[in-house]
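Here's what TrEMBL has on this protein:
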- A:15-38: transmembrane segment (TRANSMEM)
- A:50-69: transmembrane segment (TRANSMEM)
- A:81-99: transmembrane segment (TRANSMEM)
- A:120-141: transmembrane segment (TRANSMEM)
Amino acid sequence: METAFTPLQSLSGGVLIGLAAVLLMAVMGRVMGATGILAGVMSPSDRSDFAWRAAAVLGMVSGPAAVWAMTGALPAVQVPVSTPMLLVGGFVVGVGVTYGSGCTSGHGVCGMARLSPRSIAATLTFMVTTFATVFVVRHVVGG
Amino acid sequence: MRILASYLIGLVFGVGISISGMANPAKVLNFFDLFGTWDPSLAFVMGGAVVTAFIGYRYALKRPKPILEGRFQLPTRRDLDRPLILGSATFGVGWGIAGFCPGGAIPALGTGRTEVVLFMAALLAGILTAKTLQRRRASRLAAT
């Protein structure tokens, strides 16, 4: 499935993601990682932590509605993979981000911006295995 | 106040993810498909986000403490250990299979698409399974 190259939209989206990370640091003193926020909602260490994390998740989920209010269209979600692949992929992502202590937002954005050696190593590692996996799925198995 | 601020910050993140294309698995997978239908857009997402956070953190961390909290809570570890590398490698495999990462899927939930709900359910099951295994290992190590 072809997708259009959208450098300006993607860059402005990226700047907003970075801005959200900066705001969370300035206001709450925390790194903005989807994994950490999600895991915190699932097993809250204390109730005040649960509340702000749940509110952040709700805010994230409201993103598409806000885009719809501004532009009149929901953001595109095209899923070019089968349901079994979604389920297997989702489970594998869940295990990986738990052991790896983070994902694209936590390691890839916040950790890279802090020049954390752990996050740089994690980001390089998952970028390589994602490239390799897509290559195998699309050109070796599916080719 | 903390709840309202967190909601609004989550909203900024959700809007950013939505317009960037990170909530769209077709676009994400095409970024990684160098030898097929390659779409380099995601490099602009990462670039924009990392540069913004890099500059913004300098200012945010100059304050003695965050606006609504008593102190900054920053990850302090710098060592590279096996769980970090193997876990990240595993995450990449799952991301390449499904096309969603956690930060892309949470905002995508707001489109109401069934596929996102299925991915999120599997993601939560994976997190819970790994957390249970980690806890068991920790209590086994503590017992010996």
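FYI, residue positions are counted from 1 along the chain as it appears here.
Placement of Cβ uses the backbone N, Cα and C atoms for every residue, glycine included.
Touching of the transmembrane segment (A:50-69) and the transmembrane segment (A:81-99) is ruled out by the presence of fewer than three CB pairs under 8 A, sequence neighbours closer than 6 excluded. With a cut-off of 8 Å between Cβ atoms, the residues of this chain six or more beyond the transmembrane segment (A:81-99) that come close are 35, 39, 126.
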